[in-house]
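**Student:** Annotation source Swiss-Prot lists transmembrane segment at 30-50, 151-171, 173-193, 230-250, 525-545, 547-567, 592-612, 634-654, 668-688, 833-853. What Swiss-Prot lists as region 'Catalytic subdomain A' is 271-364. The active site annotation in Swiss-Prot covers D313, D457 and rests on sequence analysis. Summarising the annotation, Swiss-Prot assigns substrate binding site to D360, D362. The annotation region 'Catalytic subdomain B' is assigned in Swiss-Prot to 441-501. The domain 'PilZ' annotation in Swiss-Prot covers 694-790.
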Amino acid sequence: MSALSRWLLIPPVSARLSERYQGYRRHGASPFSAALGCLWTILAWIVFPLEHPRWQRIRDGHKALYPHINAARPRPLDPARYLIQTLWLVMISSTKERHEPRWRSFARLKDVRGRYHQWMDTLPERVRQKTTHLEKEKELGHLSNGARRFILGVIVTFSLILALICITQPFNPLSQFIFLLLLWGVALLVRRMPGRFSALMLIVLSLTVSCRYIWWRYTSTLNWDDPVSLVCGLILLFAETYAWIVLVLGYFQVVWPLNRQPVPLPKEMSQWPTVDIFVPTYNEDLNVVKNTIYASLGIDWPKDKLNIWILDDGGRESFRQFARHVGVHYIARATHEHAKAGNINNALKHAKGEFVAIFDCDHVPTRSFLQMTMGWFLKEKQLAMMQTPHHFFSPDPFERNLGRFRKTPNEGTLFYGLVQDGNDMWDATFFCGSCAVIRRKPLDEIGGIAVETVTEDAHTSLRLHRRGYTSAYMRIPQSAGLATESLSAHIGQRIRWARGMVQIFRLDNPLFGKGLKLAQRLCYLNAMFHFLSGIPRLIFLTAPLAFLLLHAYIIYAPALMIALFVIPHMVHASLTNSKIQGKYRHSFWSEIYETVLAWYIAPPTLVALINPHKGKFNVTAKGGLVEEKYVDWVISRPYIFLVLLNLLGVAAGVWRYYYGPENETLTVIVSLVWVFYNLVILGGAVAVSVESKQVRRAHRVEIAMPGAIAREDGHLFSCTVHDFSDGGLGIKINGQAQVLEGQKVNLLLKRGQQEYVFPTQVVRVTGNEVGLQLMPLTTKQHIDFVQCTFARADTWALWQDSFPEDKPLESLLDILKLGFRGYRHLAEFAPPSVKVIFRSLTALIAWIVSFIPRRPERQAAIQPSDRVMAQAQQ
């Protein structure tokens, strides 16, 4: 390149060109791409007056106008990308110019839209004001209870008849389309309304469409003339029926979350009951358990009414000495039958408190835990159990491996944020094994914690409900713990939960037996059905292959009718769940969670259905490290198998599209769309199986907390603590950071009116951002530090509010990116025999996507882009 340029060009130009070539190479361009980039540059300078100010402005805005083209690393077909993007920008600019004279009509339309949203936002309050007089008049008050029940029965009967007609009435394609348009219009009309009315309306619309779909599937879509099609169709129908049942039960469960608030305790502390705090442990590290004990010691409760117990099923001397040192009780069993349940039951023989609070050994309670929960027990004498959320301050494998910690609600947020709150409405709150308080008298009546299944917590709450006792749930986080560190540990935990819930279904089925209300039976049933999702999910991931590979008609109907029934069913369910679950589970993420678990929970749940006594308890490991980024090939093997199977389906689909019967073309396209969606979801599952590095043993917790640091010379600086861990803190000094790395300073933190001092060393200074490492602390200082940080009453309460509202289309785009990321990981980590397939596939997709035009960046480019493009057109 250098010799050729020197021969053809004058020295200054040759030197500049050689410089450009070397710059391209330094940024990773191949020799051919770098040489071609230089050639395109020469041609551009010959054809276009790039030195003109107008072109200079375009070049200055390159990053904004052409965000997908790296000018420092050219590719052979970059001219085509520039051409496509330029045409796109010109089109945007021209369209805007054409419509500029009509800006007033658009402004009017925007004003109408704003008025509509304002009207919808204020509708519930206006309806309430206009119907207040009806509540006061009590127009039906003169009627007897029997008459009112009769009127209600008539209304319900007519509603059911109308619903039955809507569900079963057959329509031709045009009528079905019009019917769906009407329902969709109503859904769009009410979905922005605040309050519960809009959610109830969306549930009604979704149930109408979904019930109509299931009716159509059972009555019109099975091919009874072809055995293969019939068998495959029935298998898919089984999975769809399961999904429909879970959908209906799920709507019922969360239709009216209770959102229970704390009840104040009596002012006279002598009326407060005695409480035992149990911290069971088996093989966890002492450092994991210490913070829980330190926080328990600081709980705001009379010390003569509080007893803390370490229940050590590992029988370790270090734990015994630690308990003696900090002044808590210690119990170790000689035998270890029934795992955690047996450990707690053994401790119940020694503890004599009126209530027992149970924490897993990594769950750190806040100081307000008992004051927030115990008031309800004094108010309601039949209340047997109060559950609070399981909140985690470390990322679970999904959050860590996908980089979504505190960006997307995690897997457990839906259960603890919405489902348990919905259960509370129906008096069906489950005991979750930790972060809960149980009244001793009812617990003793049922013989202690249930030991017949491996999910002793849910089984215990079921027994309490059968005895006529009530339960409660408070959604305010009052403790926080460690999430599982690896995907394999996470899956192992879910396998235990799934096996245990199915064991309860078989051994103590909530649908039968005495003591439960109908609503409680349905809530328990839905919880157990949730863990049977493995087989249906695998069916959905392979169903389109029945047609593409076996030519079996799993839905025996024209492709147009399939679209008119399937798409509305999915869209309405997605829209309704987005409205109800928006803060707790973003759209399409359930697909990822279920796909990751499906293969692994299917066999144990099937075994538990057949033989409920088979299986054993496994302890979930906490507090581990992941020292290197790697793919868990053992865990990801099933996903890769399903990916290859679906790729085979794509190949078969392409063949059928070109060489199959013409009347099947639309069916082939629908099947391929389904397969591509499955491939995206499976790609997401693969992305989760790539374990990211976790080298911090002490997890950082983000917070905004006032504090101060004191230098040895007496100077004091106010600061804000923005993160902390068990080993150090990150602070921002309010003003100039007048500290040096290696300098020893004292950190001052407040708890209530009390101020505490902790010795630290400066390990990092970046502007006014300072990293502090805790120096060795005394036991008293360590207790104080935990109570000033992890155990603060307000530490966890605002975490849930930090999640953005769900936007289904944005969530779908996130899932698409996630799926592509999974295949990139396969191309990076796969064995040579497989790597070439996925590397070629991801490279092809990335190459195709690189030609798609992008919108210019908003802040930097959209405003000037119109002017620049106009200049370019001149």
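Just so you know, glycine gets a Cβ as well, placed from its N, Cα and C.
How about a rundown of where these features are and what they're close to?
**Tutor:** Along the region 'Catalytic subdomain A' (271-364), the predicted structure has mean pLDDT 93.
Same-chain residues at least 6 positions away in sequence with a Cβ under 8 Å from that of D313 (active site) are, in sequence order, P280, T281, Y282, A332, R333, H336, A339, K340, N343. In the three-state DSSP classification, D313 (active site) falls within coil.
Within 10 Å of the Cβ of D362 (substrate binding site) there are 25 other Cβ atoms, across all protein chains.
Classification of D457 (active site) by DSSP places it within a helix. Neighbour count (other Cβ atoms within 10 Å of the Cβ, all protein chains): 23 for D457 (active site).
For the transmembrane segment (525-545), the residues of the chain that approach it from at least six positions outside its boundaries are 232, 235-236, 238-239, 242-243, 245-246, 249-250, 252-253, 430, 458, 497-498, 501-502, 504-505, 510-511, 554, 594-595, 597-603, 605-606, 642, 645-646, 648-649, 652, 671-672, 674-675, 678, 681-682, judged by C-beta separation under 8 angstroms.
Beyond the transmembrane segment (547-567), the same-chain residues lying 6 or more positions past its ends with a Cβ under 8 Å from any Cβ of the stretch are 173, 176-177, 180, 212-213, 216-217, 220-223, 226, 228-229, 231-233, 235-236, 648-650, 652-653, 656, 666-672, 675.
Using a Cβ-Cβ cut-off under 8 Å and counting only residues 6 or more beyond its ends in the same chain, the transmembrane segment (592-612) has close neighbours at 398, 411, 453, 487, 491, 494-495, 498-499, 502-503, 505-507, 531-535, 537-538, 541, 638-639, 681-682, 684-685, 688-689, 815, 818.
Same-chain residues lying 6+ beyond the ends of the transmembrane segment (634-654) with a Cβ under 8 Å from its Cβ atoms: 487-488, 491, 538, 541-542, 544-545, 548-549, 595-596, 599-600, 668, 671-672, 675-676, 678-679, 682-683, 685-686, 689, 826, 834, 837, 841.
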**Student:** Give the distance between the Cα atoms of D457 (active site) and D360 (substrate binding site), rounded to the nearest whole Å.
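**Tutor:** That separation, Cα to Cα, works out to 12 Å.
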**Student:** Grab the same-chain neighbours of the transmembrane segment (30-50) for me: Cβ-Cβ under 8 Å, and only residues 6 or more beyond its ends, written as numbers and ranges.
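**Tutor:** Cβ under 8 Å, 6 or more out: 1, 5, 17, 20-21, 24, 56, 59, 73-76, 78-79.
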